[in-house]
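Here is what Swiss-Prot says about this protein:
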REGION    1-21  region 'Disordered'
REGION    73-93  region 'Disordered'
COMPBIAS  73-85  compositional bias 'Polar residues'
REGION    107-134  region 'Disordered'
REGION    255-281  region 'Zinc finger-like'
BINDING   C256, C259, C278, C281  Zn(2+) binding site
Amino acid sequence: MSQEDAFYGKGSYGASSGNSNIPPQGFQPVYPVAGQLDNTAPYVGAVAEGTAEGIVSNGEYAVGAMGAAPTNIIGSVDQQPPVSHTSHKSRRQYPAEVFELTNTLAASPAPPSLSEPSYVMARTPSSSPYPHDRAEVGTKSLSAQFGGMSLGADGAAAMPTNELVSVDLYNQTPEISDLTSPPPPINLPLSYSATGAATSNCPPKYVRSTINCVPTTNSLLKKSKIPFALVIRPYTSLVEEDDPVPVVTDTIISRCRRCRMYINPFSIFIDNGHRYRCNSCGIVNEVPQSYDWDSFRNVQRDRWQRPELNYAVVDFIAPQEYMVRAPQPLVYVFLIDISFVSISSGMVGTASRAILESLDRIPNKEGRAKVAFIGVDSALHFFSVSPGAEEATQLVVSDLEEPFLPRNQDLLLNLRECRQGIENLLERFQSMFATTRDSSNALGPGLKAAHRLIENIGGKICCLISSLPNVGVGKLELREDPKLLGTNRESSLLHPNDSFYKSFAVECSTSQVSVDMFLFSSQYQDVATLSCLPRYTSGKTQFYHRWNASRSEDALKFASELTNYLSMEIELEAVMRVRGSNGLRMSSFYGNFFNRSSDLCAFPSFPRDQSYVVEVVIEDTITKPFVSFQTAMLHTTCNGERRIRVLTISLPTTNSMTDLYASADQVAIAQYLTVRASEKALSSTLNEARDSIISKLVEILEVYKKNLAGQNTGAAIPLQISTNLRLLPLLCLALTKHTGFRRSSHISSDLRSIALCYLSTLPTPLLMRYIYPTLYSLHDMPIEAGTVTEQGVVLPSALNLTSALLQSFGLYLVDTHIHQFLYIGKDAVPQLLIDAFGVNSLADLKAGRFTMPVIDNPLNVRINAILGKLRSLDKGSTIMPSLYLVRGDGDPQLRSWFFSHFVEDRSENSPSYLQFLQTLKEKVRD
């Protein structure tokens, strides 16, 4: 048995090492191996008696308990044998469903009776050394609510801490369930919050910190080599009703007069409640006079029921002084490429039908939404519809040097008043240009015209492009050179090729205009240049490689994603600022937006399917037991209401390297390294991007070995790290093997550029799946997998991404969030093919883009349920993953693409995981 086989337990995952035809013990065989008797098959459809331990995985994150006992203790390498994966000889483990942790203090008054958020933090147990009786809050003197609490450094020393437990990476199989496990808990006593509510601290699905215990000095942070950053995701669903947060409706907003932080659960009330001390800068502020008065019912209100004192995530309805101008309507300008390439590929017809079918999904509660349509080829084609008219008038502007609006009105169409004319236009849009032979694409002039149309009110420009812009301002050249791919000069292909797009993006941001790109490739599209527009205007880039409407899978994917895009509730005219306690400064910002100042991020429209990373610098020594960060986003909802979304997270402080490492969040660190490397790839070189990932990992391992690792025993020298960071090396390796960073001469610049777009913006759960895809074994999944319970569809347990675990007769699913792959082994038997796909042989299955058939068979039903469940997990994304069928005896290129996701294997120019660990081991030697 090879070293790799032993590491991953080969023989227990695949067929027995002695005889590949011996069935796994404890399973009832269902599918016979070709050429073997039925009772010797290693395919299973049932598990041994009893239910499998664990339950459904739904992609949610549990929240670390404030003041609760540490939950991330696993045991040391000396106390615990190496982790091994569940074999076919025992029942599989399922990732646990996250249950809401409810209030355990029955005597405590409940938070406001609002729509309960999906996050609820555990309360301090009664045995905690930090007594807390919330019933006293409001009945005793307000100045006594924090009685006995020290705000000095001594107070921090008494807090519970996470235990540091070391593991030897080289002797432990990566425990990939950690990717969906909660981060190390934030050990902050509930008594530090004003009301003691379990929802006082921000849950990780909104804000994650790379360290959940903040060093008191910059020297300690530098010495630790752990990056300090926040991962922020203000919205977790495409529509608010899917994940509502409490709303402060009385427009009474109290903010610190010095640092401007909003009052929050960690504000400290003094002077009998007339004033409060800011938990960020420490200055004393007056409480608004009407803070305890319900102006709607004209009665006294209970202060301790106010949402902003009980919930870390709230929306404030903004008063008039927060408005520069009246709320503007939601506006979409569809800029459509109507060149010969677009018409012949079917893009124009598919897009017009998708828009038509999505008109009722566009947020338009107040009836103010507006749309416009501009076609571009060698001229600009405008479409005018008068209110109540049934037909549109086409107006053509051929002057591309100085494009102008042919009419002052009726180009921007009220969706409700002009509905019939809009529908008729979209129904015949494809046929209007069916005979075109024009191959020109005047994207630049079209963008300028669209901007001029909406510059006074703002909105979104949705570009649907199938060919390279080749006339007018912003025209691009075909610069793809296969000889540069995989070389040091490849980075030049990832940099913008025309300054027009970045300068135009800045102009759009100033006038509250956002640009989104839907790019369809039949050839080179220069994604690197065109993605500049969404990057600086808070937009998004979607790329459809080799798209053609004649493939139903292609048409369905685009139509679904465009529908999701138009259905998404977006926030308009938004600005976001992240504030921190004294001594902390936000230094760098990553994501799609424009920096108006050093710490103010501007979003003409705020998408709900992206996340942002903010790097933090410690400038002064911190003397308080905890620090606070607050993200505030001022915006206008798509229904015309001005609001401020506020997210507050407080973290304990420490002067201990041990506490720092025990509280580090490997997932947040991986996301920080990802966005920083993506930035380097776009501004510098791919080599520097890859080096930045590995060098930071080596620094962390070196510090751990020097300061925290146990004494080496025996002849073998371990490669140690704490349990909460044990997946960081694997994630770093996966990053360097990702399409965005992998050294390869077979990755086009367009594919690499779109990968960098996704790596820079995907929310944390989806990013982890994109970096380290999820692998499921479907031919031998337990009987519970794919069935529906009260918690939803049960998913099989995930496997490590190594081909050592694949069987030649198996059926597997790989999910990257962007793509899904069904892999059927070359030795698959007819019964498996019949049950899964309704065919008798592999030859009857066409590899490539694939639609899973729906047949009356239990296995097929379960597989379809699993595919649907995985797509439903992405409720905060507009992306519908493409499904591919890969045959073990099929197209070598398709197989190569599939196996490129197996990041623990050795691949082109890249080591296996074990080889990578050996390299790290050599780098961190004294």
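Even glycines carry a Cβ here, placed using N, Cα and C.
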Cβ packing number for C259 (Zn(2+) binding site), 10 Å threshold: 17
Predicted model, mean pLDDT over the region 'Zinc finger-like' (255-281): 97
CB contacts for C281 (Zn(2+) binding site) [other CB atoms within 10 A, all chains]: 19
Binding-site residues (C256, C278), the one with most neighbouring Cβ atoms at 10 Å: C278
Cβ-centroid neighbours of Zn(2+) site C256, C259, C278, C281, 8 Å, sequence order: R257, R258, R260, M261, N279, S280, G282, I283, N285
Three-state composition of the region 'Zinc finger-like' (255-281), taking helix and strand from DSSP: 3 helix, 8 strand, 16 coil
